[in-house]
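S.K.: From TrEMBL, for reference:
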DOMAIN    24-112  domain 'Cytochrome b5 heme-binding'
TRANSMEM  152-172  transmembrane segment
TRANSMEM  178-197  transmembrane segment
TRANSMEM  341-359  transmembrane segment
TRANSMEM  365-386  transmembrane segment
C-alpha cells in the first residue's frame with residue numbers, strides 16, 4: 001500500500017485554488033495547447049499527488065506565465081512549459097520548493113477533470129521529497145550553491161580559450177598537418193563546451209544570474225548547433241521521460257499516420273526512438289536485418305551526430321516548429337529567437353567553415369570542418385550514450401489503459417525482462433528481516449524511481465571524471481536534479497545512493513567509462529539480435 005500523500009512546498013494544495021478560478025469554466029487540453037508561445041504562455045500543474053493510475057481525482061491548475069517569464073529567477077526557461085502539462089518540470093527544477101503564493105498569483109483557472117489522468121507517472125511516494133530535502137541539506141552543510149560558482153566559471157573560461165585558440169590555428173596555419181591537429185583540438189573543446197558549459201547554462205544551473213545562464217547556453221550556438229532545439233529535445237523530451245516509449249505514437253510513426261501536434265502525447269523520450277537512424281535502442285522497436293551489425297557501425301554513426309544536428313535537425317525544428325511529437329513554439333514562436341537562430345547559423349558557418357575554406361581551399365577547408373565535427377560527435381556520444389543504453393538499464397512503455405489488465409502500471413524492465421527494482425526490493429526486504437525496520441513503498445512508476453531505473457552512472461564519486469564529463473558520469477544525480485550545477489554532483493552522490501538503498505530503488509553504476517562503453521556495445525549487439533518485446 002502506498003504511503004499517504006504529504007504536503008510539501010512543491011505540491012499545490014487543492015485549497016489554494018481561488019474561488020474565481022474554481023468556479024470558472026474548466027480549461028480543455030486543446031485550449032491550453034493554443035497558449036504555447038512566448039507572447040501567450042499558459043501551463044498546467046498537478047495540484048494533488050497522483051495516487052494510482054486509475055484514479056478519477058486528477059486535479060490540475062492552469063498558470064499564465066507570459067509576463068512572469070521576464071522576472072522568473074530561472075530566466076525564460078519557464079516558457080518551455082507553454083501549452084503543456086509542466087508538472088515534471090515544476091517538481092524537478094525547484095529542489096528547495098516554490099512558495100504557494102507565487103503559484104496562486106499566476107493561476108488563472110483549472111483544467112477540466114481528468115485532463116491528464118493518463119500520465120505514466122505516480123507522484124504519491126515520499127522518496128523524491130525526502131531525497132530533495134537531504135540533497136539541499138548536504139549542499140548547505142558544505143556551503144555550496146545549487147547553481148554554479150567559481151569552479152565551473154574557471155573551467156568554462158579555459159575551455160573557451162582552448163576552442164578559439166584551436167580554431168584560430170586551424171584557419172591560419174599554412175602547415176596542413178598542424179591545421180588538422182588544430183581541428184581535432186577544436187572538435188574536442190567543442191564537445192567539452194557542450195557538456196561543461198551550455199549543458200548547465202541551458203538547464204539554468206550555470207549561475208544564479210539569468211543573463212549569465214543565457215550566455216552560457218548560447219555557447220551551443222557558438223559551436224554551430226541550436227540551443228533552442230537542444231532545449232526542446234533534451235528538457236521537454238529526454239529528461240522528463242527517460243527511456244519511456246509511447247507505444248501509440250510509435251505505431252503511428254510506423255504506419256505514417258500523423259496527427260495534429262496538439263493531439264500528440266508528450267510522454268515519450270525522443271532520444272531512444274528517433275535520434276539515431278539505423279539504430280535499435282529500445283526493445284519495443286521492431287528489429288531490421290541490419291540491426292544485428294549495429295554494435296559494429298554504432299561508433300561510426302555516433303561520430304556523425306553533430307553534423308546531423310547542425311545541418312538537419314536544427315533547420316527542421318526551426319521551420320516546422322515541432323520536434324517529432326513535441327511542440328516547439330515555446331521557443332521558435334518568438335521572432336527574436338528565430339532571428340537569433342538564423343543569425344548564429346550564418347555567423348558560425350562563416351568562421352567554422354567559410355574561413356577554413358578561404359585559407360586552405362574548398363576540399364582541405366571542408367576536411368578540417370568535417371574532422372572537427374566527427375571528433376566532437378564521437379566524444380559526446382562516448383560520454384552520454386552509455387548512461388541510458390547499456391546492460392542492466394530499464395526501459396518503460398506507455399500504453400493505452402487496458403481494463404482487462406491485472407496491473408495498470410507497466411513496470412520498467414531490462415531487455416531480458418528483469419525488473420531491477422524488484423531485485424532491489426528483495427534485498428531491502430532481506431535487510432528488513434534482520435533490522436525489523438520496514439522500508440517505505442515506492443511505486444514502480446514513481447517519477448524519481450523511473451529516473452534511477454533508466455539511468456546508469458560510471459566512475460561515481462570521482463571529482464576528476466565528474467569534471468571531465470560535465471557531470472555525465474553522475475547521470476542519475478543529473479536526471480534527479482537538472483537545476484543543480486554539475487560541479488556539485490560528486491558532493492551529493494553518496495546521499496542519493498544511500499537514499500535509493502533505503503527506499504529500495506535501484507542505483508546502478510559502472511566502475512569507469514571504458515567498462516561502461518564495452519557494456520554499451522554488448523547491449524547494442526543484444527538489442528540488434530533480439531526480437532521485439
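The backbone N, Cα and C atoms fix where each Cβ goes, and this holds for glycine too.
Unlike curated records, TrEMBL annotations are generated automatically.
Looking at the shown structure, what environment does each listed feature sit in?
M.R.: Averaged across the domain 'Cytochrome b5 heme-binding' (24-112), the predicted model reaches a pLDDT of 88.
Within its own chain, the transmembrane segment (341-359) has Cβ neighbours under 8 Å at 167, 170-172, 179, 221-224, 226, 228, 314, 318, 332, 365-366, 368-369, 372, counting only residues six or more beyond its boundaries.
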S.K.: On the DSSP side of things, how many residues of the domain 'Cytochrome b5 heme-binding' (24-112) fall into helix, strand and coil, could you say?
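M.R.: DSSP composition of the domain 'Cytochrome b5 heme-binding' (24-112): 29 helix, 22 strand, 38 coil.
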